[in-house]
Amino acid sequence: MGSKTPEEQIPGGNGGPPSTGPSSSGGEPRGTHLSRDGDGSLGDHGDDDDADEDDVSSRPLRADVEEKKKKKRPKKKKKPAAAKEQSSPPRVPLSDLFPLGEYPAGEDLVYDRVPQPDANTARTTTAELRYQSRKHLEDPALLNDYRKAAEVHRQVRHWVQEAVKPGWTLLDIATGIEDGVRSLLANQGIEPGDNLRSGMGFPTGLCLNHETAHYTPNPGQRDVVLQHGDVMKVDYGVQVNGWIVDSAFTMSFDPTYDNLLAAARDATNSGIKAAGIDVRICDVSAEIQEAMESYEVEIRGKTYPVKAVRNICAHDIKRYRIHGGKSIPFIRNNDQTKMEEGEIFAIETFGTTGRGKLYDDIGVYGYGLLHDAPAQVRLPFASANRLCKTIKEQFGSIVFCRRYLDRLGLDRYLAGLNCLVSHGVLESYAPLADIKGSYTSQFEHTILLRESSKEIVSRGSDY
């Protein structure tokens with residue numbers, strides 16, 4: 001889920017000083033090991049020279065009975081237990097597929113260079129103090145939560161890539177994704193607190209063509225049907241105990257747009273490769289733009305250079321907060337802010353054949369509690385107070401959409417939502433689009449900046 005650049009803000013504002021020099025320019029397939037019982041083999045008795053030994057009539061009766069007892073019937077071959085596999089659509093809980101509760105790690109990349117901290121004479125630097133507060137990133141339980149969320153994302157998107165075809169409505173696709181996520185997590189998210197334990201990290205984004213980010217089908221909107229010539233961005237998050245995996249990909253059914261998709265995929269991988277401890281934001285941005293703008297795409301006989309989108313950014317992630325505060329633009333900038341050990345980033349990129357600057361489109365994608373919202377606020381409507389209580393119990397600071405309120409059985413909530421937005425309790429997110437007639441693409445991964453390597457936790461065999 002992209003972080004929108006504030007209006008009129010020059011990229012380079014993560015709190016870092018301006019640059020004084022030039023910028024330097026994703027589990028193995030699972031099955032269960034099946035065991036079989038071998039046939040009991042008695043073998044052949046050796047011959048004996050004593051002929052009397054072979055004469056059955058000369059044996060005592062008791063010995064004959066004992067001989068019968070010794071004979072064993074051949075064991076029946078046991079049928080191998082059926083290997084547990086994910087269904088289509090995905091509905092088998094992950095706990096059934098991973099009975100030990102251990103989930104596959106993402107791709108592990110060693111840092112290109114050893115981080116060199118700035119020289120200072122303080123006994124404990126502010127960076128070290130910040131890291132101490134993020135030491136939990138090496139906690140096995142946290143890592144397993146992240147890997148579980150990533151495995152859910154991989155299995156659900158595998159179904160999307162295999163099953164979704166032109167003719168599907170965006171509502172059917174979004175519902176299929178979200179039903180799959182909830183089924184794999186074995187949590188339908190109905191009771192208070194359920195959605196805080198696990199569930200969607202934010203509403204499923206399904207953006208066609210010039211629509212670039214933050215669109216999801218909501219109640220009252222017309223059905224949008226996927227066409228063969230559409231370019232669809234699929235962006236959704238999965239969270240376990242508040243740790244959000246944010247990953248996105250682009251689908252098209254016409255090879256005309258292959259280069260547009262390749263540009264965003266390459267730019268995202270370039271950003272991931274450049275990212276690391278003590279790496280400056282401006283250096284990651286430069287690598288992203290260089291990769292993105294090395295591509296062009298021919299559409300209906302006209303060649304378009306692929307541009308990096310200017311006013312939406314990659315971002316860090318905090319617990320229960322999809323946008324943590326740091327931003328990584330897709331264009332060169334002077335931001336000297338450093339990435340730090342223990343941080344979590346959603347490295348994403350958007351490419352476009354349009355202007356490269358997005359505008360707010362009509363409608364509302366979703367809502368989220370502002371992290372600095374007042375704890376107590378006087379609202380003019382009792383319904384708004386009840387709605388606020390429900391949102392805090394069900395979602396906390398996780399972004400949600402109106403479809404999610406419908407699932408909970410709420411109605412007549414629009415006035416309450418508008419009231420909460422106007423009183424600074426909720427933030428609303430608008431769809432973002434480039435000029436009509438243009439096409440955009442997106443790819444995204446979540447990475448963990450661990451002590452000795454970066455883990456691309458959402459990496460799969462697909463991208």
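The backbone N, Cα and C atoms fix where each Cβ goes, and this holds for glycine too.
The region 'Disordered' annotation in Swiss-Prot covers 1-98. According to Swiss-Prot, the compositional bias 'Basic and acidic residues' annotation covers 30-45. Under the heading compositional bias 'Acidic residues', Swiss-Prot lists 46-55. Feature annotation from Swiss-Prot assigns compositional bias 'Basic residues' to 69-81. Swiss-Prot lists HIS214, HIS323 with the feature substrate binding site, giving sequence analysis as the kind of evidence. As annotated by Swiss-Prot, divalent metal cation 1 binding site applies to ASP235, ASP246, GLU444, with the evidence given as sequence analysis.
A map of Swiss-Prot features onto the structure.
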| residue | record | Cβ within 10 Å |
| --- | --- | --- |
| HIS214 | substrate binding site | 27 |
| ASP235 | divalent metal cation 1 binding site | 26 |
| ASP246 | divalent metal cation 1 binding site | 29 |
| HIS323 | substrate binding site | 22 |
| GLU444 | divalent metal cation 1 binding site | 27 |
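Residue pair ASP235 (divalent metal cation 1 binding site) / HIS323 (substrate binding site) shows a Cα separation of 15 Å. Surrounding the centroid of the Cβ atoms of ASP235, ASP246, GLU444, where the record places divalent metal cation 1, the chain contributes additional residues within 8 Å, namely MET1, GLY2, GLY205, TYR236, GLY237, SER247, ALA248, ALA346, GLU348, GLN442, THR446.
Looking at HIS323 (substrate binding site) and ASP246 (divalent metal cation 1 binding site), their Cα atoms lie 10 Å from each other. A distance of 13 Å separates the Cα atom of HIS214 (substrate binding site) from that of ASP246 (divalent metal cation 1 binding site).
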